[in-house]
């Protein structure tokens with residue numbers, strides 16, 4: 001799923017991009033309306049757009065998209081918190097509005113809600129063996145039955161499924177779990193992998209989670 005982030009504050013744009021990538025989205029960033037228009041020549045599943053940009057108002061882009069028949073789900077960001085500003089954004093064609101400052105977790109939840117309301121793009125399900133992960137709702141099923149996994153295990157499973165049959169480095173998985181925080185811990189990663197392996201082995205997932213010593217982990221379909 002591809003998300004376009006239109007935000008000129010580099011640090012904030014970087015945090016948003018990182019959060020989206022950690023949760024399985026492919027994120028592209030534009031710092032101006034001109035850059036956004038160039039990128040929008042390609043299809044996106046959702047757009048996150050700031051109001052105040054160096055070369056204009058994000059609302060102008062929203063109006064332009066809607067006038068051209070582009071109904072991509074769109075979340076507006078703004079430091080303009082007055083109700084009338086939010087109303088003007090929604091009336092211009094934005095699907096949702098999030099005033100600054102905001103929680104990245106709330107932003108992520110709102111993006112997922114927009115995708116659900118729009119019916120969601122193709123490719124929301126990651127499958128291997130008897131295992132199925134709905135990346136929009138972060139739910140896991142085996143043979144149609146829901147499997148309970150913690151948030152960290154779901155993040156690990158998503159990254160392993162996206163690269164099924166390939167070795168995923170420990171550094172990549174640590175980045176997915178913790179980003180650039182100081183919470184990174186090789187032991188914590190190993191504990192989460194152990195829990196994930198234990199669950200997958202107990203529910204006939206039809207997969208094997210293999211440790212590639214000194215490198216990382218590999219999720220593959222179990223021999224039938």
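Just so it is clear, glycine is given a Cβ too, placed from its N, Cα and C backbone atoms.
According to TrEMBL, the domain 'Response regulatory' annotation covers 2-115. Per-residue pLDDT, averaged over the domain 'Response regulatory' (2-115), rounds to 90.
Annotation for residue 50 (4-aspartylphosphate): same-chain Cβ neighbours under 8 Å, separated by at least 6 residues, are 6, 7, 8, 9, 58, 76, 77, 78. Among the features that TrEMBL reports, 4-aspartylphosphate is placed at 50.
Per TrEMBL, domain 'OmpR/PhoB-type' is recorded for 123-221. DSSP labels the residues of the domain 'OmpR/PhoB-type' (123-221) in these numbers: 38 helix, 30 strand, 31 coil.
Summarising the annotation, TrEMBL assigns DNA-binding region to 123-221.
In the three-state DSSP classification, residue 50 (4-aspartylphosphate) falls within a strand.
Look at the domain 'Response regulatory' (2-115): DSSP puts its residues at 52 helix, 28 strand, 34 coil.
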